[in-house]
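The next block holds one structure in the form of structure tokens; read it before the comments.
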């Protein structure tokens, strides 16, 4: 039995432990949110690119055929690492021997395939520019399939040879992999047997793959540049160069990090440098590729527009499901946070008192907009009466509260055939949106002040942050939100709307409504800008001064553990502030002339729908006090159930 086990895995190590990036919980939280967002963009970007190329017949050309397979490889490559990396930031870092080698196999397989697929794409551009008359014949369907199939075969051979070589090694000492995934270099470092032959085999396979693909790329691009230089007109040169500029950028990023990491002896292995390079080509590059190939590609943009026009109803259905799921998570997360804080006496402290009100505002904020937005996605008439909006928002405020102002209306508009919103309803939606937005600004400032007192003046904390002081700060936040929204409403109500009644947005926001006015809006814009700026600046100054004092105090702490503990108490709040204020400043602290429908809608979706969902996750995922409170409540419910 012992010899059989050794023939199978040659190891007495049952599993490996991935050290990841850091043990600091505050940094792990930031990395979790960052990698999660990158992975979501990667999935959406690459899956979207594949779908657009498949559905639009005008993109059924060799170049886009290769690009669809590149997107597939990027999507697969990212999925091999990122979900496990994200999981390890929250849970145990263990990975079984079999899973580790499976991850390594697919990584080498997909990377080798991508090397030769990029070479095939370079060859395609060479034929298109240097031999345009023969392009349809040379780059036939059969030739394209052969090149793609050959790329996958080479990737398979590379991965099989490398993994078989590594499986011959013994791992009888440490099982700690100093990396965030099962890569060759850190695994070779764990072997308790001689690895020279294995290293040589891997180096030959990796070196030959890189060199053959790089030579193909270099020859193709030298020929292309030579041909471009012979073109007389400047416009002709620009057009020819633009056809492969995106590919050159992708090749540079991909091969640069790959060569830096692997074409060097093991003795020069550096954990920090290799981790940064590995993050770039395993997590970041798959996200960048669809952006590089689409942002300045008119053919892809036109294809997307054609698909949007043809499949408007299907896209609305997808958005309906997406927004509905986000809203449900928002309601469950924020309502759950409020419930846990209210029921668990261990959380009856100023920090969690403010956090419960933040959850209340996020819940209300989302409910004001999202349900109506979802409703509008499935109906043909998007009008909204003035009075109904006011009543709806008021009821949402009573039932829940910032998510509740936006989300239900958004979802409702996705399902019904009536997208009307009355004048009163529209202005009411805008009122509560600004009310909760202003209140959240000053509530975040109050939370920053609370952290300042806790870290900089811990002995005076119970006296300074008394129940009366906390209630006053929360009440003051709501008062500021009320004044902001009231002034905005009065200024907007003086405008006349006598032309178009179509709001180019998914909710009643100030900028698109100002654009509809048939009267002079300069005075209104100035007044709104002053109040918005003063609200943002006063709250930002409070937050900035608080955190400068906090950082100054933390730096004076001698012990590293003390610094980590102090920093961890405000890391979640700093992340929430960055996300909230970043999108708010981008959207509102600019004149209406710079209003852009696409950019402002994306930013608005983020802070009205996505941020209220993220906040309870940010404040709870790495918060031991909240986790323990949830466990205590679950244990109490179990005990009471058994007693019954």
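For all residues, glycine too, the Cβ spot is worked out from N, Cα and C.
Whatever TrEMBL says is automated annotation, not expert-curated.
The feature transmembrane segment is assigned by TrEMBL to 29-52 (among others).
What TrEMBL records for 45-293 (among others) is domain 'G-protein coupled receptors family 1 profile'.
With a threshold of 8 Å between CB atoms, the same-chain residues lying at least 6 positions outside the transmembrane segment (102-123) that come near it are 63, 66-67, 69-70, 73-74, 76-77, 80-81, 84, 95, 147-148, 150-152, 154-160, 162-163, 166, 181-184, 187, 209-210, 212-213, 216-217, 220-221, 244, 247, 250-251, 254, 258, 282. Per TrEMBL, the feature transmembrane segment maps to 102-123 (among others).
The list of residues near the transmembrane segment (144-164) in space but at least 6 beyond its ends in sequence, with Cβ under 8 angstroms from a Cβ of it, reads 62, 65-66, 69, 101, 104-117, 119-120, 123-124, 184, 201-202, 205-206, 209. Residues or ranges marked as transmembrane segment by TrEMBL: 144-164 (among others).
Marked as transmembrane segment by TrEMBL: 200-228 (among others).
Taken from TrEMBL, the feature transmembrane segment applies to 240-263 (among others). Beyond its flanks by at least six residues, the transmembrane segment (240-263) meets 111, 114-115, 118, 121-122, 125, 128-129, 184-185, 206-207, 210, 214, 217, 221, 224, 227-228, 231, 273-274, 277-278, 280-281, 285, 288-289, 292-293, 296-297 of its own chain at Cβ-Cβ distances under 8 Å.
Below 8 angstroms of C-beta separation, residues 21, 35, 38-39, 41-42, 45-46, 48-49, 67, 70-71, 74-75, 77-78, 80-82, 85, 107, 179-181, 183, 246, 249-250, 253-254, 257-258, 260-261 of the same chain, each at least six residues beyond the ends of the transmembrane segment (275-296), sit close to that stretch. Per TrEMBL, the feature transmembrane segment maps to 275-296 (among others).
Feature annotation from TrEMBL assigns transmembrane segment to 317-341 (among others).
The domain 'G-protein coupled receptors family 1 profile' annotation in TrEMBL covers 333-619 (among others).
Sequence-remote contacts of a segment are chain residues at least 6 beyond its ends whose Cβ falls under 8 Å from one of its Cβ atoms, and for the transmembrane segment (430-449) they are 351, 354-355, 357-358, 361-362, 364-365, 368-369, 390, 393-394, 396-397, 401-402, 405-406, 473-474, 476-478, 480-486, 488-489, 492, 507-510, 513, 535-536, 538-539, 542-543, 546-547, 570, 573, 576-577, 580-581, 584, 608. If you look up TrEMBL, you'll see 430-449 (among others) marked as transmembrane segment.
Long-range neighbours of the transmembrane segment (470-487) within the same chain, counting only residues 6 or more positions beyond its ends whose Cβ lies under 8 Å from a Cβ of the stretch, are 350, 353-354, 357, 430-443, 445-446, 449-450, 527-528, 531-532, 535. Annotation source TrEMBL lists transmembrane segment at 470-487 (among others).
With a threshold of 8 Å between CB atoms, the same-chain residues lying at least 6 positions outside the transmembrane segment (526-554) that come near it are 438, 441-442, 444-445, 448-449, 451-452, 455-456, 480, 484, 487-488, 491-492, 510, 563, 566-567, 570, 574, 577, 581, 584-585, 588-589, 591. Marked as transmembrane segment by TrEMBL: 526-554 (among others).
The transmembrane segment annotation in TrEMBL covers 566-589 (among others).
The annotation transmembrane segment is assigned in TrEMBL to 601-622 (among others). A Cβ distance under 8 Å defines the sequence-distant neighbours of the transmembrane segment (601-622), meaning residues of its chain 6+ beyond its ends; these are 25-26, 28-29, 32-33, 90, 323, 326-327, 329-330, 333-334, 336-337, 355, 358-359, 362-363, 365-366, 369-370, 373, 402-403, 406-407, 410, 433, 505-507, 509, 568, 572, 575-576, 579-580, 583-584, 586-587.
For the transmembrane segment (200-228), the list of distant contacts is 112, 115-116, 118-119, 122-123, 125-126, 129-130, 154, 158, 161-162, 165-166, 184, 237, 240-241, 244, 248, 251, 255, 258-259, 262-263: same-chain residues at least six beyond its ends, Cβ to Cβ under 8 Å. When pLDDT is averaged over the domain 'G-protein coupled receptors family 1 profile' (45-293), the result is 85.
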